[in-house]
Structures are given as structure tokens and as C-alpha cells.
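Working notes, structure below.
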Amino acid sequence: MSKKYQVSVSPHVRDSITTTKIMLCVILALMPACIYGVFNFGLHALLILCLSTASAVISEALYDLIFGKKSTINDLSAVVTGLLIGMNMPPEIIWWMPVLGSVFAIVVIKMIFGGLGQNFMNPALGARCFLLIAFSSQMTTYAAPSGFTALVKTMPGTPDTLSGATPLAYLKLGYDFDLHALFFGNVQGVIGETSAIALLAGGLFLLLLKIIDWKIPTFYLGSFAILVFITASVKGYDNPLVFTAEELCAGGILLGALFMATDYVTSPVTPVGQMIFGLFLGVMTWLFRMIGSGAEGVSYAIILGNCITPMIEAYTRPRAFGIKKEEKEAKQA
């Protein structure tokens, strides 16, 4: 039989919307958080976002040119990757580090494996983890807001720039943090993760357009919230519910759950698989944050989830019609 008629077991992804339109919607959804990041941290944050995005696009264009491949920059996936890398950068990081991260993401994680649709992990998260390992000090030094929201409420005696002095660092020690500041974003952190309301607005936009499915973010955030609430209750915190809300608004969990865990290429496509994937991410993020020595763990949780996605797909993919009958006949024989 001709290969073009050999298809895999359902579900089959069919939609009239193009990759370019999907990526354009994601870019628009990321804009509130990007704009707030610049508003919060100043023009250097804008420079980082521009450099990471431009270097991602240029890296993909040069790779296609060098290896004689058809140009793929028009699908805008490199723009999304570059933006996400910039959003995951500390606001005062030296300019060439996000450039290096974008080159690593596009060339090593995406293009070497065959381009869009072939990479086994989210390129932006792979680049972030690469930079964290290679330049841990620079990647964990966070500046307090220096833009229009510079009058941030911080802990008494906190200097302007601290290594690891994010809201998560205080929550890890059992301190409360201003939930209002966490929700609106005038806190320390990476450029694109500080404003919960901006990220939720972008995520809601994608959900309403059905660009992303509700299952992964819901099961991710829901399982994480339940485990954090139980942990806070067991530890005897004054208000476990408020602590849970602070954990949900702090760090990169909203950025990860809404914009990176939902990546089409590296997450399951079956409904049950998406639920299992979300639960796995919630449990792993809880383990990294609540049990592990670090304050964050979203990037590592999602990358681990990317690695087990093929296994989840294998166990949750519907069987082809007639398989059970053939197995039954084989046993009887």
C-alpha cells in the first residue's frame, strides 16, 4: 500500500488555522507580560527582549541558508521562542547571554532535531536551563523594579539587587509576601513572569481562541495548588489559602503552565494524556519548590514532562479499530 495512505491511530490533528496564525496569537498573548516587564524594569528589559527575539530569528534563517533548507522563519515560531527566552531572563543580565540562549535553543534543540515539530523539549526552557547551569550566578541575580514601578514594596533592609531575592525565596523561608504586589507584578523576578494578571490575561486570550486546551494548565495549577495547600496546613502556616495563592502568583508557574507546558510539539495530544501530563507537572513543581532545596522548579518540571510525553502518548492513545478482535483471535489460535 502506498505510504501516503498509511496513517496512525486517531486522534488526527486537523485544523484550518495555520502555524503562522497560531504563533501570531501566542505573540499577542505574550505582549501584556512583555510590556509590563519593560514598564517594571526599564529599557534594558526591552533591549533583552529585542536581542533574544532577533537572535532566534537570525539563527533559524542562517541555519536554513547554510544547510540549503527552505526558510521557516515565516511561521513565527522562532519569534515565540526568542520572546519566551527574553521573558525568562533577569532584567539586568548582560546582553550576550540571551543571544547565546536563543542560538542554543534554535540550533541545538530545534533545528538539529529537524525543526518545528521534531524537537523533544521546549526550546526556550532548554535554553533557560542551559544558561542556569553555565551561568548560575548571573541567572539568579535579580534587580528590583527600576522602571515606572520602582516604588516596590520589599522586605525591610533589602538592597536593590540580591542573588535569589525573589518572592519565592521569601516564601521558601515561610515568610508571607504582598499578594497584591505579586498579582500586579511590582516585584523582583525575571522580565516576563512577575505580573500574574498580565499572564492570566494572555492565557485567557489563548483559551478563548482555543489555541490552547484547558486541560494541561488546569490540572497543572490545580494539582500544584492542592499539594501546596496541604503542605502549608501540615506545617502550620497562619493562612494556608493565602500562601497557596502567593505560590501560584510567584515565580514562573503561570508563564510555564499557560505558555510553555501547552506547547503543541512537546506535550500530549490525547485528552487523558494531557490530564496526566498536567498532574505530573504539578507534582514535580511541588516537589522542587516545597521539598527540594531550591525555590523554583517550573523549568525542570516541564522538561521532565517533555521527556516522558512519548510514554504518556503510548499508554493513552486509542487503540486502532479491530486490534482487540485480532488479539482475541490470536489467543484462541
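Any Cβ shown, glycine's included, is placed from N, Cα and C.
Predicted automatically and left uncurated, TrEMBL annotations should be read as such.
What TrEMBL says about this one:
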TRANSMEM  21-39  transmembrane segment
TRANSMEM  95-113  transmembrane segment
TRANSMEM  125-144  transmembrane segment
MOD_RES   Thr166  FMN phosphoryl threonine
TRANSMEM  190-209  transmembrane segment
TRANSMEM  216-234  transmembrane segment
TRANSMEM  272-291  transmembrane segment
Interface present between the transmembrane segment (190-209) and the transmembrane segment (21-39) (three or more C-beta pairs under 8 A): yes
Within-chain partners of the transmembrane segment (95-113) [C-beta distance under 8 Å, separation at least 6 from its ends]: 47-48, 51-53, 55-56, 59-60, 63, 78, 81-82, 85-86, 89, 119-121, 123-124, 126-128, 130-131, 135, 138-139
Cβ neighbours within the same chain of Thr166 (FMN phosphoryl threonine) - under 8 Å, at least six residues apart: Tyr142, Val187, Gln188, Gly189, Ala250, Gly251, Ala295, Glu296
